[in-house]
Amino acid sequence: MATFSDPRDSVLNKPKPVIHLDKAFLDRITKGVEPYPIQEGKKYEYGTAGFRMKAPLLDHVIYTVGLIAALRSKKRNATIGIMITASHNPAEDNGVKLVDPLGDMLEQSWEGYATTLANTPNDKLAKEYEILLNETLISNISQVHERQAKVVFARDTRASGPYLVTALKAALDAVNVEYKDYGIMTTPQLHYIVRCVNTLNTPYHFGEPTEKGYYEKMAKAFKTLMHGRTIQGPITVDCANGVGGPKLRELIKYLPTAKEGGIDFKIVNDDVVKPEALNFECGADYVKTKQRAPPHSIAQPRDRCCSLDGDADRVVYYYTDEQKTFHLLDGDRIATLGAVFLADMTRVAGLDQKLKIGIVQTAYANGAATEYVEKVLKLPVTVTPTGVKHLHHAAARYDIGVYFEANGHGTVLFSDNAIKLIRESEPKSPGQKHALDSLSACIDLINQAVGDAISDMLFAEVVLAHKSWTPENWRNTYIDLPNRLVRVVVHDRSIFKAVDAERKLESPAGAQIEIEKLCQLYMKARAFARASGTEDAVRVYAEAYTQTEVEKLAGQVAEVVRKYGVP
(Lines of atoms letter the chains of each structure in order from A and count residues from 1; the text may use other names and numbers.)
(Lines give C-alpha, C1' and ligand atoms only; values in the text may rest on other atoms or scores of the structure.)
Protein backbone atom coordinates (compact mmCIF):
# COMPACT_ATOMS: atom_id res chain seq x y z
CA MET A 1 0.00 0.00 0.00
CA ALA A 2 2.65 2.55 0.96
CA THR A 3 6.37 3.25 0.65
CA PHE A 4 8.41 5.55 2.86
CA SER A 5 11.23 7.97 2.16
CA ASP A 6 13.27 8.74 5.24
CA PRO A 7 16.27 10.88 4.28
CA ARG A 8 18.87 11.11 7.04
CA ASP A 9 20.90 14.04 5.81
CA SER A 10 21.06 15.61 9.26
CA VAL A 11 20.97 14.10 12.71
CA LEU A 12 19.85 17.39 14.27
CA ASN A 13 17.28 18.30 11.63
CA LYS A 14 15.82 14.99 10.56
CA PRO A 15 12.90 15.51 8.15
CA LYS A 16 9.69 13.64 8.85
CA PRO A 17 9.30 10.46 6.84
CA VAL A 18 6.90 10.82 3.93
CA ILE A 19 4.31 8.14 3.18
CA HIS A 20 3.74 7.49 -0.53
CA LEU A 21 0.66 5.45 -1.35
CA ASP A 22 1.13 3.09 -4.27
CA LYS A 23 -0.40 3.97 -7.64
CA ALA A 24 -2.94 1.12 -7.61
CA PHE A 25 -4.33 2.36 -4.28
CA LEU A 26 -4.57 5.97 -5.48
CA ASP A 27 -6.17 4.83 -8.74
CA ARG A 28 -8.89 3.03 -6.78
CA ILE A 29 -9.82 6.29 -5.04
CA THR A 30 -9.95 8.14 -8.37
CA LYS A 31 -11.97 5.43 -10.10
CA GLY A 32 -14.38 5.08 -7.17
CA VAL A 33 -15.27 8.78 -7.18
CA GLU A 34 -15.87 8.98 -10.96
CA PRO A 35 -19.70 8.75 -10.72
CA TYR A 36 -19.73 11.50 -8.07
CA PRO A 37 -18.23 14.71 -9.50
CA ILE A 38 -17.94 17.80 -7.31
CA GLN A 39 -20.61 20.45 -7.92
CA GLU A 40 -19.17 23.47 -9.73
CA GLY A 41 -19.17 26.65 -7.67
CA LYS A 42 -20.42 24.94 -4.50
CA LYS A 43 -18.47 25.40 -1.25
CA TYR A 44 -18.91 22.79 1.45
CA GLU A 45 -18.23 23.24 5.16
CA TYR A 46 -18.34 20.67 7.95
CA GLY A 47 -20.24 22.29 10.83
CA THR A 48 -21.86 21.21 14.09
CA ALA A 49 -24.38 19.12 12.14
CA GLY A 50 -21.76 17.81 9.71
CA PHE A 51 -22.58 18.49 6.06
CA ARG A 52 -26.21 19.32 5.28
CA MET A 53 -27.77 20.45 1.98
CA LYS A 54 -30.06 19.48 -0.89
CA ALA A 55 -29.60 15.73 -1.39
CA PRO A 56 -28.48 15.84 -5.08
CA LEU A 57 -25.46 17.97 -4.07
CA LEU A 58 -24.25 15.46 -1.52
CA ASP A 59 -22.88 12.37 -3.30
CA HIS A 60 -19.33 13.72 -3.79
CA VAL A 61 -19.30 14.89 -0.17
CA ILE A 62 -20.45 11.49 1.11
CA TYR A 63 -17.65 9.80 -0.81
CA THR A 64 -15.05 12.08 0.81
CA VAL A 65 -16.57 11.47 4.25
CA GLY A 66 -15.90 7.76 3.73
CA LEU A 67 -12.23 8.59 3.10
CA ILE A 68 -12.01 10.80 6.20
CA ALA A 69 -13.62 8.05 8.30
CA ALA A 70 -10.88 5.65 7.18
CA LEU A 71 -8.14 8.07 8.30
CA ARG A 72 -9.92 8.84 11.57
CA SER A 73 -10.36 5.14 12.33
CA LYS A 74 -6.67 4.44 11.79
CA LYS A 75 -5.72 7.49 13.86
CA ARG A 76 -7.87 6.43 16.83
CA ASN A 77 -7.45 2.67 16.27
CA ALA A 78 -11.21 2.42 16.75
CA THR A 79 -14.49 2.09 14.88
CA ILE A 80 -15.88 5.37 13.52
CA GLY A 81 -19.56 6.02 12.82
CA ILE A 82 -21.20 7.74 9.85
CA MET A 83 -24.82 8.91 10.07
CA ILE A 84 -26.68 9.97 6.92
CA THR A 85 -29.46 12.34 8.03
CA ALA A 86 -30.64 15.93 7.81
CA SER A 87 -32.53 15.81 11.11
CA HIS A 88 -35.35 18.40 11.15
CA ASN A 89 -34.65 19.72 7.62
CA PRO A 90 -37.19 19.28 4.79
CA ALA A 91 -37.46 15.88 3.08
CA GLU A 92 -35.53 16.98 -0.05
CA ASP A 93 -32.41 17.71 2.05
CA ASN A 94 -29.93 15.23 3.43
CA GLY A 95 -26.69 15.33 5.35
CA VAL A 96 -23.86 13.32 6.80
CA LYS A 97 -21.82 13.46 9.97
CA LEU A 98 -19.01 11.49 11.55
CA VAL A 99 -19.22 9.92 15.00
CA ASP A 100 -16.10 9.54 17.15
CA PRO A 101 -15.30 6.35 19.11
CA LEU A 102 -17.28 7.11 22.28
CA GLY A 103 -20.37 8.10 20.33
CA ASP A 104 -19.45 11.77 20.54
CA MET A 105 -19.17 14.29 17.73
CA LEU A 106 -16.11 14.43 15.48
CA GLU A 107 -13.15 16.13 17.16
CA GLN A 108 -13.19 19.78 16.12
CA SER A 109 -9.66 19.78 14.71
CA TRP A 110 -10.77 17.17 12.14
CA GLU A 111 -13.68 19.25 10.83
CA GLY A 112 -11.16 21.16 8.71
CA TYR A 113 -9.85 17.94 7.13
CA ALA A 114 -13.41 16.90 6.24
CA THR A 115 -14.04 20.34 4.72
CA THR A 116 -10.80 20.22 2.70
CA LEU A 117 -11.54 16.80 1.21
CA ALA A 118 -15.18 17.66 0.43
CA ASN A 119 -14.03 20.67 -1.62
CA THR A 120 -11.42 18.71 -3.58
CA PRO A 121 -12.28 17.92 -7.24
CA ASN A 122 -12.19 14.30 -8.40
CA ASP A 123 -8.88 14.50 -10.27
CA LYS A 124 -7.05 15.81 -7.18
CA LEU A 125 -8.85 13.73 -4.55
CA ALA A 126 -6.42 10.79 -4.34
CA LYS A 127 -3.44 13.14 -3.95
CA GLU A 128 -5.24 15.19 -1.29
CA TYR A 129 -6.05 11.98 0.58
CA GLU A 130 -2.34 11.12 0.56
CA ILE A 131 -1.48 14.60 1.86
CA LEU A 132 -4.01 14.32 4.69
CA LEU A 133 -2.77 10.83 5.52
CA ASN A 134 0.73 12.28 5.94
CA GLU A 135 -0.60 15.13 8.05
CA THR A 136 -2.74 13.00 10.37
CA LEU A 137 -0.96 9.63 10.64
CA ILE A 138 2.73 10.37 10.24
CA SER A 139 3.39 10.39 14.00
CA ASN A 140 3.09 6.62 13.92
CA ILE A 141 3.74 4.92 10.59
CA SER A 142 2.38 1.61 11.92
CA GLN A 143 -1.06 3.26 11.90
CA VAL A 144 -1.01 3.16 8.10
CA HIS A 145 -0.14 -0.51 7.70
CA GLU A 146 -1.07 -2.40 10.84
CA ARG A 147 -4.38 -0.81 11.81
CA GLN A 148 -7.53 -1.94 10.02
CA ALA A 149 -9.92 0.94 9.39
CA LYS A 150 -13.41 0.12 10.68
CA VAL A 151 -16.66 2.00 10.11
CA VAL A 152 -20.32 1.50 11.02
CA PHE A 153 -23.05 3.57 9.39
CA ALA A 154 -26.80 4.08 9.23
CA ARG A 155 -29.33 6.41 7.62
CA ASP A 156 -32.73 7.90 8.33
CA THR A 157 -35.86 7.35 6.20
CA ARG A 158 -35.18 9.95 3.48
CA ALA A 159 -35.67 8.77 -0.11
CA SER A 160 -32.14 9.87 -1.04
CA GLY A 161 -30.55 7.63 1.61
CA PRO A 162 -29.97 4.44 -0.43
CA TYR A 163 -28.22 6.32 -3.27
CA LEU A 164 -25.95 8.14 -0.82
CA VAL A 165 -25.11 4.84 0.88
CA THR A 166 -23.92 3.58 -2.53
CA ALA A 167 -21.50 6.52 -2.77
CA LEU A 168 -20.29 5.90 0.78
CA LYS A 169 -19.66 2.20 0.18
CA ALA A 170 -17.67 3.05 -2.97
CA ALA A 171 -15.28 5.14 -0.87
CA LEU A 172 -14.98 2.58 1.93
CA ASP A 173 -14.24 -0.18 -0.59
CA ALA A 174 -11.64 1.99 -2.37
CA VAL A 175 -9.56 2.40 0.81
CA ASN A 176 -10.08 -1.12 2.20
CA VAL A 177 -12.33 -0.25 5.15
CA GLU A 178 -14.04 -3.02 7.11
CA TYR A 179 -17.61 -1.77 7.53
CA LYS A 180 -21.10 -2.69 8.71
CA ASP A 181 -24.30 -1.17 7.36
CA TYR A 182 -26.92 -0.90 10.14
CA GLY A 183 -29.64 0.21 7.71
CA ILE A 184 -32.29 2.61 8.97
CA MET A 185 -31.71 3.92 12.51
CA THR A 186 -32.27 7.00 14.61
CA THR A 187 -29.17 9.15 14.98
CA PRO A 188 -28.88 8.33 18.72
CA GLN A 189 -29.06 4.60 17.98
CA LEU A 190 -26.05 4.88 15.66
CA HIS A 191 -24.13 6.87 18.32
CA TYR A 192 -25.04 4.15 20.83
CA ILE A 193 -23.77 1.42 18.47
CA VAL A 194 -20.43 3.22 17.97
CA ARG A 195 -19.86 3.55 21.70
CA CYS A 196 -20.85 -0.07 22.35
CA VAL A 197 -18.53 -1.43 19.65
CA ASN A 198 -15.57 0.53 21.00
CA THR A 199 -16.12 -0.31 24.68
CA LEU A 200 -16.84 -4.02 24.19
CA ASN A 201 -14.83 -6.17 26.64
CA THR A 202 -13.63 -3.13 28.62
CA PRO A 203 -14.59 -1.85 32.12
CA TYR A 204 -16.55 0.91 30.32
CA HIS A 205 -18.77 -1.52 28.38
CA PHE A 206 -21.77 0.55 27.24
CA GLY A 207 -24.08 -2.20 26.04
CA GLU A 208 -24.72 -4.78 23.35
CA PRO A 209 -23.91 -3.21 19.93
CA THR A 210 -27.24 -4.07 18.30
CA GLU A 211 -30.60 -2.39 17.93
CA LYS A 212 -32.08 -5.08 20.19
CA GLY A 213 -29.39 -4.31 22.78
CA TYR A 214 -30.40 -0.64 22.69
CA TYR A 215 -34.07 -1.48 23.36
CA GLU A 216 -33.31 -4.02 26.08
CA LYS A 217 -30.95 -1.74 27.99
CA MET A 218 -33.45 1.13 27.95
CA ALA A 219 -36.48 -1.04 28.80
CA LYS A 220 -34.76 -2.72 31.76
CA ALA A 221 -33.76 0.64 33.24
CA PHE A 222 -37.25 2.06 32.68
CA LYS A 223 -38.87 -0.89 34.49
CA THR A 224 -36.53 -0.41 37.47
CA LEU A 225 -37.33 3.30 37.69
CA MET A 226 -41.09 2.75 37.35
CA HIS A 227 -41.31 0.17 40.15
CA GLY A 228 -44.21 1.18 42.40
CA ARG A 229 -44.99 4.30 40.33
CA THR A 230 -47.91 5.15 38.05
CA ILE A 231 -47.95 7.24 34.90
CA GLN A 232 -51.14 9.29 34.60
CA GLY A 233 -52.70 8.57 31.21
CA PRO A 234 -51.07 7.89 27.82
CA ILE A 235 -48.56 10.17 26.12
CA THR A 236 -49.20 11.37 22.57
CA VAL A 237 -45.98 11.24 20.54
CA ASP A 238 -45.57 13.11 17.25
CA CYS A 239 -42.79 11.28 15.36
CA ALA A 240 -42.30 13.93 12.61
CA ASN A 241 -43.06 11.24 9.99
CA GLY A 242 -39.47 10.17 10.47
CA VAL A 243 -37.38 7.26 11.69
CA GLY A 244 -38.52 7.77 15.30
CA GLY A 245 -41.94 6.30 14.43
CA PRO A 246 -40.93 2.73 13.53
CA LYS A 247 -38.19 2.70 16.17
CA LEU A 248 -40.54 3.82 18.95
CA ARG A 249 -43.05 1.15 17.88
CA GLU A 250 -40.25 -1.41 18.15
CA LEU A 251 -39.21 -0.18 21.61
CA ILE A 252 -42.84 -0.40 22.83
CA LYS A 253 -42.63 -4.20 22.41
CA TYR A 254 -40.02 -4.22 25.20
CA LEU A 255 -41.84 -1.82 27.57
CA PRO A 256 -44.58 -2.66 30.09
CA THR A 257 -48.01 -1.17 29.36
CA ALA A 258 -49.76 1.11 31.86
CA LYS A 259 -51.69 -1.93 33.19
CA GLU A 260 -48.35 -3.67 33.75
CA GLY A 261 -46.97 -0.65 35.63
CA GLY A 262 -45.49 1.05 32.58
CA ILE A 263 -46.70 3.44 29.91
CA ASP A 264 -49.20 3.68 27.05
CA PHE A 265 -48.49 5.61 23.85
CA LYS A 266 -50.62 7.31 21.22
CA ILE A 267 -48.38 7.65 18.18
CA VAL A 268 -49.13 10.24 15.49
CA ASN A 269 -47.24 11.43 12.40
CA ASP A 270 -45.39 8.17 11.84
CA ASP A 271 -45.85 7.90 8.06
CA VAL A 272 -42.49 6.88 6.58
CA VAL A 273 -44.02 5.64 3.31
CA LYS A 274 -44.54 9.15 1.88
CA PRO A 275 -41.04 10.72 1.91
CA GLU A 276 -42.43 14.24 1.44
CA ALA A 277 -44.30 13.99 4.78
CA LEU A 278 -41.04 14.10 6.79
CA ASN A 279 -41.01 17.15 9.12
CA PHE A 280 -43.94 18.67 7.19
CA GLU A 281 -46.19 20.52 9.65
CA CYS A 282 -44.97 18.27 12.46
CA GLY A 283 -41.95 17.47 14.59
CA ALA A 284 -40.03 19.20 17.38
CA ASP A 285 -38.75 22.07 15.24
CA TYR A 286 -42.25 22.86 13.93
CA VAL A 287 -43.74 22.89 17.44
CA LYS A 288 -40.92 24.97 18.93
CA THR A 289 -40.85 27.49 16.07
CA LYS A 290 -44.60 27.84 15.49
CA GLN A 291 -45.50 27.57 19.18
CA ARG A 292 -48.43 25.29 18.41
CA ALA A 293 -49.30 21.61 18.20
CA PRO A 294 -49.11 19.85 14.82
CA PRO A 295 -52.39 20.18 12.86
CA HIS A 296 -52.96 16.41 12.97
CA SER A 297 -52.62 16.14 16.74
CA ILE A 298 -55.35 14.02 18.34
CA ALA A 299 -54.62 15.21 21.87
CA GLN A 300 -57.29 16.52 24.23
CA PRO A 301 -56.83 19.42 26.67
CA ARG A 302 -54.28 18.61 29.41
CA ASP A 303 -53.01 15.50 27.57
CA ARG A 304 -49.24 15.11 27.73
CA CYS A 305 -47.78 15.48 24.25
CA CYS A 306 -44.29 15.48 22.84
CA SER A 307 -42.73 15.85 19.41
CA LEU A 308 -39.54 14.21 18.15
CA ASP A 309 -37.59 15.59 15.20
CA GLY A 310 -36.84 13.77 11.93
CA ASP A 311 -33.91 11.70 13.23
CA ALA A 312 -35.17 11.45 16.85
CA ASP A 313 -32.38 13.31 18.62
CA ARG A 314 -34.60 16.17 19.89
CA VAL A 315 -37.80 16.22 21.91
CA VAL A 316 -40.09 18.96 23.21
CA TYR A 317 -43.20 18.56 25.38
CA TYR A 318 -46.42 20.58 25.28
CA TYR A 319 -50.09 20.57 26.21
CA THR A 320 -53.20 22.70 25.80
CA ASP A 321 -55.25 23.83 28.78
CA GLU A 322 -59.05 23.88 29.13
CA GLN A 323 -59.15 27.22 27.27
CA LYS A 324 -57.21 25.54 24.43
CA THR A 325 -54.17 27.73 25.12
CA PHE A 326 -50.95 26.06 23.95
CA HIS A 327 -48.10 25.64 26.47
CA LEU A 328 -44.60 24.55 25.38
CA LEU A 329 -42.29 22.61 27.71
CA ASP A 330 -38.98 22.91 25.88
CA GLY A 331 -35.41 21.77 26.47
CA ASP A 332 -34.94 24.24 29.35
CA ARG A 333 -37.93 22.64 31.09
CA ILE A 334 -36.68 19.09 30.46
CA ALA A 335 -33.29 20.06 31.93
CA THR A 336 -34.81 21.47 35.12
CA LEU A 337 -37.16 18.48 35.45
CA GLY A 338 -34.23 16.08 35.21
CA ALA A 339 -32.10 18.13 37.59
CA VAL A 340 -34.85 18.16 40.25
CA PHE A 341 -35.02 14.36 40.20
CA LEU A 342 -31.26 13.75 40.12
CA ALA A 343 -30.65 16.23 42.96
CA ASP A 344 -33.40 14.58 45.05
CA MET A 345 -32.02 11.08 44.45
CA THR A 346 -28.39 11.98 45.20
CA ARG A 347 -29.52 13.62 48.45
CA VAL A 348 -31.56 10.56 49.54
CA ALA A 349 -28.67 8.29 48.50
CA GLY A 350 -26.33 10.28 50.76
CA LEU A 351 -24.11 11.31 47.85
CA ASP A 352 -25.02 15.00 47.62
CA GLN A 353 -21.77 16.06 49.33
CA LYS A 354 -19.68 13.77 47.12
CA LEU A 355 -21.17 14.46 43.68
CA LYS A 356 -21.37 17.85 42.01
CA ILE A 357 -24.51 18.28 39.89
CA GLY A 358 -24.77 21.16 37.44
CA ILE A 359 -26.86 22.40 34.52
CA VAL A 360 -25.38 23.72 31.29
CA GLN A 361 -27.35 26.27 29.26
CA THR A 362 -26.80 28.66 26.37
CA ALA A 363 -27.59 32.37 26.42
CA TYR A 364 -30.94 31.49 24.84
CA ALA A 365 -32.13 29.73 28.01
CA ASN A 366 -34.96 31.68 29.60
CA GLY A 367 -33.83 33.83 32.51
CA ALA A 368 -36.61 32.38 34.68
CA ALA A 369 -35.18 28.88 34.14
CA THR A 370 -31.70 30.03 35.17
CA GLU A 371 -33.08 31.76 38.28
CA TYR A 372 -35.09 28.64 39.23
CA VAL A 373 -32.02 26.40 38.98
CA GLU A 374 -29.76 28.74 40.95
CA LYS A 375 -32.19 30.02 43.61
CA VAL A 376 -34.69 27.18 44.09
CA LEU A 377 -32.72 24.06 43.18
CA LYS A 378 -29.48 25.66 44.48
CA LEU A 379 -27.50 24.12 41.61
CA PRO A 380 -24.71 25.78 39.62
CA VAL A 381 -25.34 26.88 36.02
CA THR A 382 -22.66 27.03 33.33
CA VAL A 383 -23.42 29.10 30.24
CA THR A 384 -21.68 28.19 26.98
CA PRO A 385 -21.80 29.40 23.38
CA THR A 386 -24.47 27.75 21.22
CA GLY A 387 -23.61 24.37 19.72
CA VAL A 388 -23.97 20.93 21.25
CA LYS A 389 -20.21 20.36 21.43
CA HIS A 390 -19.80 23.32 23.83
CA LEU A 391 -22.64 22.12 26.08
CA HIS A 392 -21.42 18.52 26.06
CA HIS A 393 -17.86 19.46 27.06
CA ALA A 394 -19.07 21.75 29.85
CA ALA A 395 -21.46 19.08 31.20
CA ALA A 396 -18.58 16.60 31.32
CA ARG A 397 -16.87 18.80 33.95
CA TYR A 398 -19.57 17.96 36.50
CA ASP A 399 -20.05 14.59 38.21
CA ILE A 400 -23.61 14.73 36.90
CA GLY A 401 -23.98 17.28 34.13
CA VAL A 402 -27.40 18.06 32.64
CA TYR A 403 -27.46 19.91 29.33
CA PHE A 404 -30.28 20.79 26.98
CA GLU A 405 -30.69 23.37 24.29
CA ALA A 406 -34.09 25.06 24.23
CA ASN A 407 -34.79 23.18 20.96
CA GLY A 408 -34.96 19.92 22.91
CA HIS A 409 -31.53 18.46 22.17
CA GLY A 410 -29.70 17.30 25.26
CA THR A 411 -28.79 14.57 27.70
CA VAL A 412 -27.24 13.88 31.11
CA LEU A 413 -23.59 12.91 31.54
CA PHE A 414 -22.35 10.86 34.50
CA SER A 415 -18.61 10.99 35.25
CA ASP A 416 -16.63 7.80 35.87
CA ASN A 417 -16.39 8.91 39.50
CA ALA A 418 -20.19 9.28 39.74
CA ILE A 419 -20.86 5.88 38.16
CA LYS A 420 -18.37 4.21 40.52
CA LEU A 421 -19.85 5.87 43.62
CA ILE A 422 -23.45 5.13 42.63
CA ARG A 423 -22.79 1.49 41.77
CA GLU A 424 -20.44 0.68 44.66
CA SER A 425 -22.05 2.55 47.58
CA GLU A 426 -23.55 0.32 50.28
CA PRO A 427 -27.07 1.47 51.22
CA LYS A 428 -27.76 2.09 54.92
CA SER A 429 -31.56 2.08 54.61
CA PRO A 430 -34.32 0.97 52.20
CA GLY A 431 -34.67 4.61 51.10
CA GLN A 432 -30.98 4.82 50.23
CA LYS A 433 -31.17 1.53 48.34
CA HIS A 434 -34.10 2.79 46.27
CA ALA A 435 -32.26 6.04 45.49
CA LEU A 436 -29.05 4.24 44.50
CA ASP A 437 -30.96 1.74 42.35
CA SER A 438 -32.81 4.64 40.68
CA LEU A 439 -29.59 6.55 39.95
CA SER A 440 -27.98 3.38 38.60
CA ALA A 441 -30.98 2.85 36.29
CA CYS A 442 -30.77 6.49 35.13
CA ILE A 443 -27.21 5.82 33.96
CA ASP A 444 -28.62 3.12 31.67
CA LEU A 445 -31.86 4.83 30.64
CA ILE A 446 -30.19 8.06 29.54
CA ASN A 447 -28.16 7.83 26.32
CA GLN A 448 -24.94 9.53 27.41
CA ALA A 449 -23.41 9.28 23.96
CA VAL A 450 -25.69 11.98 22.55
CA GLY A 451 -29.06 13.68 22.93
CA ASP A 452 -31.71 10.99 22.33
CA ALA A 453 -35.37 12.00 21.98
CA ILE A 454 -36.80 8.59 22.90
CA SER A 455 -34.49 8.10 25.89
CA ASP A 456 -35.08 11.69 27.10
CA MET A 457 -38.85 11.22 26.76
CA LEU A 458 -38.81 8.07 28.91
CA PHE A 459 -36.66 9.86 31.51
CA ALA A 460 -39.13 12.77 31.62
CA GLU A 461 -42.03 10.30 32.02
CA VAL A 462 -40.23 8.61 34.92
CA VAL A 463 -39.69 11.92 36.73
CA LEU A 464 -43.31 13.03 36.20
CA ALA A 465 -44.44 9.66 37.62
CA HIS A 466 -42.17 9.99 40.68
CA LYS A 467 -43.42 13.52 41.30
CA SER A 468 -47.06 12.68 40.41
CA TRP A 469 -46.98 15.83 38.28
CA THR A 470 -49.28 16.80 35.42
CA PRO A 471 -47.83 18.93 32.59
CA GLU A 472 -49.45 21.90 34.36
CA ASN A 473 -47.61 21.13 37.62
CA TRP A 474 -44.38 20.91 35.63
CA ARG A 475 -45.00 24.26 33.92
CA ASN A 476 -45.83 25.95 37.22
CA THR A 477 -42.37 25.28 38.69
CA TYR A 478 -41.49 28.65 37.17
CA ILE A 479 -43.10 31.03 34.69
CA ASP A 480 -41.05 31.89 31.60
CA LEU A 481 -40.22 35.53 31.04
CA PRO A 482 -41.73 36.81 27.77
CA ASN A 483 -39.05 36.66 25.08
CA ARG A 484 -38.54 37.60 21.47
CA LEU A 485 -36.12 36.50 18.75
CA VAL A 486 -35.51 38.91 15.85
CA ARG A 487 -33.40 38.41 12.72
CA VAL A 488 -31.63 41.52 11.37
CA VAL A 489 -30.04 41.46 7.90
CA VAL A 490 -26.61 43.18 7.92
CA HIS A 491 -23.99 43.99 5.31
CA ASP A 492 -21.18 41.98 6.96
CA ARG A 493 -21.90 39.69 9.91
CA SER A 494 -18.18 39.23 10.65
CA ILE A 495 -17.93 42.66 12.33
CA PHE A 496 -20.25 41.41 15.11
CA LYS A 497 -17.95 39.56 17.50
CA ALA A 498 -19.55 38.09 20.63
CA VAL A 499 -17.81 37.15 23.91
CA ASP A 500 -18.91 35.87 27.33
CA ALA A 501 -20.74 32.83 25.92
CA GLU A 502 -22.19 35.05 23.18
CA ARG A 503 -23.94 37.32 25.70
CA LYS A 504 -21.94 40.47 24.93
CA LEU A 505 -20.67 42.17 21.77
CA GLU A 506 -16.96 42.91 21.76
CA SER A 507 -17.34 44.68 18.43
CA PRO A 508 -18.51 46.92 16.85
CA ALA A 509 -17.22 49.26 19.57
CA GLY A 510 -20.06 51.01 21.39
CA ALA A 511 -22.85 48.59 20.42
CA GLN A 512 -22.78 46.65 23.71
CA ILE A 513 -22.98 49.83 25.80
CA GLU A 514 -26.10 50.89 23.90
CA ILE A 515 -27.72 47.45 24.38
CA GLU A 516 -27.01 47.52 28.13
CA LYS A 517 -28.53 51.01 28.47
CA LEU A 518 -31.70 49.81 26.74
CA CYS A 519 -31.97 46.80 29.08
CA GLN A 520 -31.89 49.14 32.09
CA LEU A 521 -35.17 50.71 30.94
CA TYR A 522 -37.22 47.55 31.59
CA MET A 523 -37.89 45.13 34.46
CA LYS A 524 -35.94 41.81 34.45
CA ALA A 525 -34.67 42.71 30.99
CA ARG A 526 -31.86 41.00 29.13
CA ALA A 527 -30.81 41.15 25.49
CA PHE A 528 -27.93 40.10 23.29
CA ALA A 529 -27.02 39.99 19.62
CA ARG A 530 -24.94 37.34 17.86
CA ALA A 531 -23.98 36.83 14.24
CA SER A 532 -25.64 34.00 12.34
CA GLY A 533 -23.38 31.09 11.47
CA THR A 534 -24.86 30.66 8.00
CA GLU A 535 -25.97 34.03 6.56
CA ASP A 536 -25.26 37.77 6.72
CA ALA A 537 -27.68 38.35 9.54
CA VAL A 538 -27.56 38.98 13.28
CA ARG A 539 -29.97 37.30 15.68
CA VAL A 540 -31.28 39.44 18.52
CA TYR A 541 -32.67 37.76 21.65
CA ALA A 542 -34.56 39.80 24.24
CA GLU A 543 -36.58 39.05 27.35
CA ALA A 544 -38.40 41.25 29.86
CA TYR A 545 -41.12 41.17 32.51
CA THR A 546 -44.04 41.82 30.13
CA GLN A 547 -44.76 41.02 26.48
CA THR A 548 -45.14 44.74 25.68
CA GLU A 549 -41.75 45.54 27.18
CA VAL A 550 -39.98 42.70 25.40
CA GLU A 551 -41.43 43.73 22.02
CA LYS A 552 -40.13 47.26 22.57
CA LEU A 553 -36.72 46.08 23.76
CA ALA A 554 -36.24 43.63 20.87
CA GLY A 555 -37.12 46.35 18.36
CA GLN A 556 -34.74 48.85 19.96
CA VAL A 557 -31.83 46.38 20.08
CA ALA A 558 -32.52 45.45 16.44
CA GLU A 559 -32.21 49.16 15.57
CA VAL A 560 -28.82 49.29 17.33
CA VAL A 561 -27.68 46.32 15.23
CA ARG A 562 -28.92 47.98 12.03
CA LYS A 563 -27.12 51.21 12.92
CA TYR A 564 -23.79 49.40 13.20
CA GLY A 565 -24.36 46.72 10.57
CA VAL A 566 -25.95 48.50 7.63
CA PRO A 567 -23.70 51.11 5.94
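Even glycines carry a Cβ here, placed using N, Cα and C.
Per TrEMBL, the features are as follows:
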- 73-108: domain 'Alpha-D-phosphohexomutase alpha/beta/alpha' (DOMAIN)
- SER87, ASP309, ASP311, ASP313: Mg(2+) binding site (BINDING)
- SER87: active site, phosphoserine intermediate (ACT_SITE)
- 131-198: domain 'Alpha-D-phosphohexomutase alpha/beta/alpha' (DOMAIN)
- 210-316: domain 'Phosphoacetylglucosamine mutase AMG1' (DOMAIN)
- 330-469: domain 'Phosphoacetylglucosamine mutase AMG1' (DOMAIN)
- GLU405, ALA406, ASN407, ARG530, ALA531, SER532, GLY533, THR534, ARG539: substrate binding site (BINDING)
- 485-559: domain 'Alpha-D-phosphohexomutase C-terminal' (DOMAIN)
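Here the features listed in TrEMBL are placed on the structure.
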| residue | record | Cβ within 10 Å |
| --- | --- | --- |
| SER87 | Mg(2+) binding site | 26 |
| ASP309 | Mg(2+) binding site | 32 |
| ASP311 | Mg(2+) binding site | 32 |
| ASP313 | Mg(2+) binding site | 31 |
| GLU405 | substrate binding site | 22 |
| ASN407 | substrate binding site | 21 |
| ALA531 | substrate binding site | 22 |
| GLY533 | substrate binding site | 12 |
| ARG539 | substrate binding site | 21 |
Considering the domain 'Phosphoacetylglucosamine mutase AMG1' (210-316), which listed stretch of 73-108, 131-198, 330-469 counts the most C-beta pairs under 8 Å: 330-469
For the domain 'Alpha-D-phosphohexomutase alpha/beta/alpha' (73-108), sequence-distant contacts whose Cβ falls under 8 Å of one of its Cβ atoms, 6 or more beyond its ends: 46, 48-55, 58, 61-62, 65-66, 114, 136-137, 143-144, 147, 149-156, 158-161, 164-165, 168, 177, 185, 187, 190-195, 197-199, 206, 240, 275-280, 283-285, 309-311, 313-314, 388-389, 392, 448-450
Top Cα neighbour of GLY533 (substrate binding site) in the set of binding-site residues SER87, ASP309, ASP311, ASP313: SER87
DSSP three-state assignment (helix, strand or coil) for ALA531 (substrate binding site): strand
Proximal residue to ASN407 (substrate binding site) among binding-site residues SER87, ASP309, ASP311 (C-alpha distance): ASP309
Secondary structure tally of the domain 'Phosphoacetylglucosamine mutase AMG1' (210-316) (DSSP, helix then strand then coil): 35 helix, 15 strand, 57 coil
Overall pLDDT of the domain 'Alpha-D-phosphohexomutase C-terminal' (485-559), taken as the mean: 93
Residues within 8 Å of the SER87, ASP309, ASP311, ASP313 Cβ centre (excluding the Mg(2+) site residues themselves): THR85, HIS88, ASP156, THR186, THR187, GLY242, ALA284, LEU308, GLY310, ALA312, ARG314, HIS409, ALA453
Proximal residue to ASP311 (Mg(2+) binding site) among binding-site residues GLU405, ALA531, ARG539 (C-alpha distance): GLU405
Separation of alpha carbons, ASP313 (Mg(2+) binding site) and GLU405 (substrate binding site) (Å): 12
Distance, ASP313 (Mg(2+) binding site) to ALA531 (substrate binding site) (CA atoms, angstrom): 25
Spatial separation of ARG539 (substrate binding site) from SER87 (Mg(2+) binding site) - C-alpha basis, Å: 22
Distance [Cα-Cα, Å, rounded] between ASP309 (Mg(2+) binding site) and ARG539 (substrate binding site): 23
